[in-house]
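Sequence annotations record features per position, and here TrEMBL assigns transmembrane segment to 21-41, 61-82, 103-129, 149-170, 182-203, 223-244.
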Amino acid sequence: MNRVALRSLTSGLRSQLLRYFSGYSVLGVLAFTALIPWFVANFLGWPGNSGAVSAADNVQVFWALAASIAPVATFAGSYLVTRESYYGTLRRSVMMSGLKQVLISKYLAAVIVGLATVISGIAIWGVSIAFSLPSDVRAELLTAESWKALPGVVLASVMGSLWGCSLGWIIRHYYATTILTLLVPLALELPLLASAAEIARWLPSSALAGIASLPFEGLMDPLPAFLVSLGWILAAGLCAVRLLRGKEF
């Protein structure tokens, strides 16, 4: 890649990130990064029932709940595209910079947005929930052994953000993509995982859960789950490119 192309790509990435982080919408995403794990924890009765299990089991529950930020990262990745589509600026961006550069810039931005989403979510939700945990559980959370779960949770959110970016390009409709990224995993994939794990484990959200090593029976191990998730991302990306070739914006 020559210097001019690199400078152009860097400028495009900066533009995508500025566009994403500008305005109040990013505050809504931040709120969801804390609300989703809080909602799931509340549904499970945790940390109210944390005294009934060991500190090690509570640590496992904490990181399993942190992995629920991945659907928010999926939405955030899609928002990189659907925001512009909603406000009618996507056509202008493509005409000014070219489809290839806009595609690459948005996918690179999706990686950064996925990282920012999961890190901020763990920080906001984790700090708020820590005060409700017994002291021995808080101490266990700070050990090196506990933090071994962090890379899987982070990788799941980054992959989710890339998956969401592809969905955004394919659908390019804010409300439809929001439903697909936030509601479908909870309303369809989670019940299917409980009733037909041999099928659900191949679905996008279940693959992300496998990457994060969630303690659910039927999920794949992290490496196979990563490969399945990568396959979904590549398939969706190729589908997006085929749909966008020669298409009017």
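Every residue number used here counts from 1 along the chain in the order it is shown.
Glycine is treated like the rest: Cβ placed from N, Cα and C.
Annotations in TrEMBL come from automatic prediction, not curation.
Keep in mind that what you see is a predicted model, and the values were worked out from it rather than measured.
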Listed stretches 21-41, 149-170, 182-203, 223-244 vs the transmembrane segment (61-82), most Cβ pairs under 8 Å: range 149-170
When counting C-beta pairs under 8 angstroms to the transmembrane segment (21-41), the leading stretch of 103-129, 149-170, 223-244 is 103-129
Near the transmembrane segment (103-129) in space but 6 or more residues beyond its ends, with Cβ under 8 Å, are 9, 12-13, 15-17, 20, 29-30, 33-34, 36-38, 41, 47, 62, 65-66, 69-70, 72-73, 76-77, 80-81, 97, 150, 153-154, 156-162, 164-165, 169, 237, 240-241, 244
Same-chain residues at least 6 beyond the ends of the transmembrane segment (149-170) with a Cβ under 8 Å from one of its Cβ atoms are 59-60, 63, 66-67, 69-82, 85, 103, 106-107, 110-111, 113-115, 117-119, 122, 177, 180-181, 204, 208-209, 211-213, 222, 226, 229-230, 232-233, 236-237, 239-240, 243-244
